[in-house]
Amino acid sequence: MARARAGALLALWVLGAAAHPQCLDFRPPFRPTQPLRLCAQYSDFGCCDEGRDAELTRRFWALASRVDAAEWAACAGYARDLLCQECSPYAAHLYDAEDPFTPLRTVPGLCQDYCLDMWHKCRGLFRHLSTDQELWALEGNLARFCRYLSLDDTDYCFPYLLVNKNLNSNLGHVVADAKGCLQLCLEEVANGLRNPVAMVHARDGTHRFFVAEQVGLVWAYLPDRSRLGKPFLNISRVVLTSPWEGDERGFLGIAFHPSFQHNRRLYVYYSVGIRSSEWIRISEFRVSEDDENAVDHSSERIILEVKEPASNHNGGQLLFGDDGYLYIFTGDGGMAGDPFGTFGNAQNKSALLGKVLRIDVDRKERGLPYGIPPDNPFVGDPAAQPEVYALGVRNMWRCSFDRGDPSSGTGRGRLFCGDVGQNKFEEVDVVERGGNYGWRAREGFECYDRSLCANTSLNDLLPIFAYPHTVGKSVTGGYVYRGCEYPNLNGLYIFGDFMSGRLMSLQENPGTGQWQYSEICMGHGQTCEFPGLINNYYPYIISFGEDEAGELYFMSTGEPSATAPRGVVYKIIDASRRAPPGKCQIQPAQVKIRSRLIPFVPKEKFIPKTRSTPRPTARAPTRAPRRGRPTAAPPAPTPRPARPTQQPGSRRGGGRRRGRLNSASRAFRDGEVRLVRPAGLSSGSGRVEVFVGGRWGTVCDDSWNISGAAVVCRQLGFAYAVRAVKRAEFGQGGSLPILLDDVRCAGWERNLLECQHNGVGTHNCEHDEDAGVVCSHQNPDL
C-alpha cells in the first residue's frame, strides 16, 4: 500500500477564463441527442432537449394566437429570442437562478440596447411573456423598465453574451488553467471511514457499492448513498494491521465473482498472522442465504496464502477480467531493493511475490483449491509458478481493467496499474500477458540495479508514464473513465499520489500511441459552484473505484491510520458538460433490507477559490521505449495542495501614482477606496483600488456586481451606482497587489472589507480582471 505519512485529447479541454455555464436545474449544460427546432441555435450545446424545445414551441404558437397578425410579424423574433433563453447554456445567470436570495426572473436579463429596441417596437409582448406585475407597472417608463430587466453582471445579459469571447470560446470543454491543470469538481459520497482501501460493486443490477476499511470491515451502500447499519463483512478479528500511520498490512482488496448474481461468491485479500509469521491470504466467501446484504462468515474458503518476509509491500488488488479469471497483485515482499535471493522476488518466476497472478476460481486441479488457466504464459516452465501472469512488480497499488469506449469498445480489457517506486520514481503500467515490468532492474525509466538492467535477456516493458519524487512518492493507480454522465472525460485515465495528494490524468493519442499528461486541480472561481459540489479533498489518496454505471470515485483521508475515521469517498465531476437528460438513468434492482439504514449526511463544504501555495516542479526523464511501447513524462507540473491554502498577495509596491491621486498626502484608513481612470473620463468612473494594511491594491472582478459598486460609490460621495465594471475596462493596476477577490456585498456595507470576500490578499486571478465602477450624482433611471 502507500507509505508512511510525510500532505479527444487536448480538444476536450482548453485554456480559458472562468465562465460558469449552468442550467435552470442547477446542473451543467449538455449536447441534445436531436437538433432543436424552435431554439436551433442551442442544438450543439445548451440546456434544452427535444422535449423542452417542443414545450417552448407550444408556448411560442400560443403566444402568436394572442397577438394580432401585424404585431406578431414585427415581434415574433423577439418572442423566440426570449423564450429560447431557457435553452442558453447560461440560463441560470440570465434568470438569476444561481442566486438563492433573489426570485427567479420570468424574463431573461436583457442588455440595454436590446431592451430599448424591444420596448419601442414590442413592449406589449411582455404582458404575454411574464406574469410579473411589477414589470407591467413599469411599462410606461422606458429607463426604469429596462433597468428592471437588466442584470447586475452585465457579462451575461442577452444578446451580448452570444458574442462574449470569454463566455463562448471554451463552452462545453473541460477548462485548463494557465499551467494546463484540468479543473474538475467533486461530490462527497461517504464519510467517517477508517482508511477506505477499496470501493467495488457487485455487477448484480442493484447498483449498491461496497467500501472496505483497512481494519477489516466492508460496508454496503444503497444507490441513494444510505449505509446499512450492519457491516456487509467483518473479519477485523483476524485481519493483521495496527493503528500506526502508514501500516501497509490489513484488509487490502475485494472482488465480486462475475456471476455473483447467481452464485453469491466474492473474494477478499487481507494480511493475517500465522504462527508468528505474516502472510497474505486470498479467501472466498458467500453471501448469507438469509440476508443479501451480509456475508456468511462461516463460508470462508482459503484460496491462496503467501508468506511475507516483511511487513510492507503486501500488494492487495483483486480483479476479475473479461476472461472470468481472478487476477491477484502481490508485492515483492518488502524491505528496500527487493533483497531476496539472487535477483529478488520480483524477477524470480518461482516466487509468487512481486507478480501479477491469474487463477481460475471455478475449478480445482493439481490438489489446489483453484485451477490454472491453460494460456497462462509460464505453464509448462519447470522454473516458474504456473499462476504467474506477469512479473517484475514492486508493489502495484491499485489496478483496473478498461471497460472500453461505450460506442466502439476501443481499449476494452487493457489492464492499468500504478506501481509504487523505491527512491526516485513512481510509474503507471499497462500489464500484458507474460510481461516483465522491470523491478528490481529498473525503477520507472531508469536503472536501479545496474547489473540486472544491463542483462539483455531482461526484455522488460517500460511504463507508459513515470514521475519523480519531487512530484509524488507513492502512486495510487486509478481508472479509465468510461461512465455516461461526463462525456468529456471518456478515455481519460485518472490516478493520484498518496503522499503528495496530487490528482493526475493520462490521455492516449490514438494516432501516435503517446500518453499526454495533465494534472487535475479543483475548479477555480465559480467552476464548482453547483449544488452539492465541492472543490477540496483530504490529501492522502488511498484508492479509486467505479460504480456499476462506470462513474469514477476516489477515497482519501486526513489521517492515514486504520483506526482514524477521517476517510471520505468522492465522486469525480466534470462541471463543464453533462450527458443529455435521461440518457444515464438507472433502474436498480430491488434489495431486501434487514438492518437499519443510516442516511448519508455530507460534511465537506465548498471553499471559495484561493491562490495555492506552489510546490516544487519537476520533469520525469524518458527513455526510448522497447517493443514499441509509448512513454510519457509530466511537463513540469506545478502541484497544488488538495485543500487550498491561503497565501498573502504580492507585496510589490504601488508607490505614488502620476495624475489625479496622491497617496502620500495624508494617512489612509483600512477600507478606503479610490478610482483610477484614463484621461478624459468623468470623476465617477475608474478602476477600484482599496487601502488595506498600509498599502493600496486592486479588486478582482469575480462576483463583482452592482451591490459592490454601490458600496464604493457611496464611500466616494456619489448617490448612485450606474454600473459594475469588469475585465479591467479602466486599465490594469499591474504595479499593485490584488487585495480582494470574490467580493459579495449586500449594498449596505460601509466599505468593501465588511462585504464577504476570500480574505485580504487571497485570490486566484490576474490584473486583467481588475474591477471598476461608474458612479453618478444623478438617478440613471430618470
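Cβ from N, Cα, C; glycine included.
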Where Swiss-Prot places N-linked glycosylation site when the choices are Asn234, Asn348: Asn234
Swiss-Prot annotation, disulfide partner of Cys185 among Cys453, Cys484, Cys521, Cys528: Cys528
By Cα-Cα distance, the member of recorded positions Asn234, Cys521, Cys765 nearest Cys755 (disulfide bond): Cys765
In the chain carrying Asn234 (N-linked glycosylation site), residues 6 or more apart in sequence that have Cβ under 8 angstroms from it: Gly216, Leu217, Val218, His297
Spatial neighbour of Cys528 (disulfide bond) that is closest, considering only the disulfide-bonded residues Cys181, Cys484, Cys584 and their CA atoms: Cys181
Mapped DSSP class for Cys755 (disulfide bond), helix or strand or coil: coil
Cys700 (disulfide bond): secondary structure state under DSSP, collapsed to three categories: strand
Rounded Cα separation (Å) that holds between Cys521 (disulfide bond) and Cys484 (disulfide bond): 22
Which of Cys185, Cys521, Cys584, Cys713, all disulfide-bonded residues, has a Cβ with the fewest other Cβ atoms inside 10 Å: Cys584
The one of Cys181, Cys399, Cys484, Cys700 whose CB sees the fewest other CB atoms within 10 Å, among these disulfide-bonded residues: Cys484
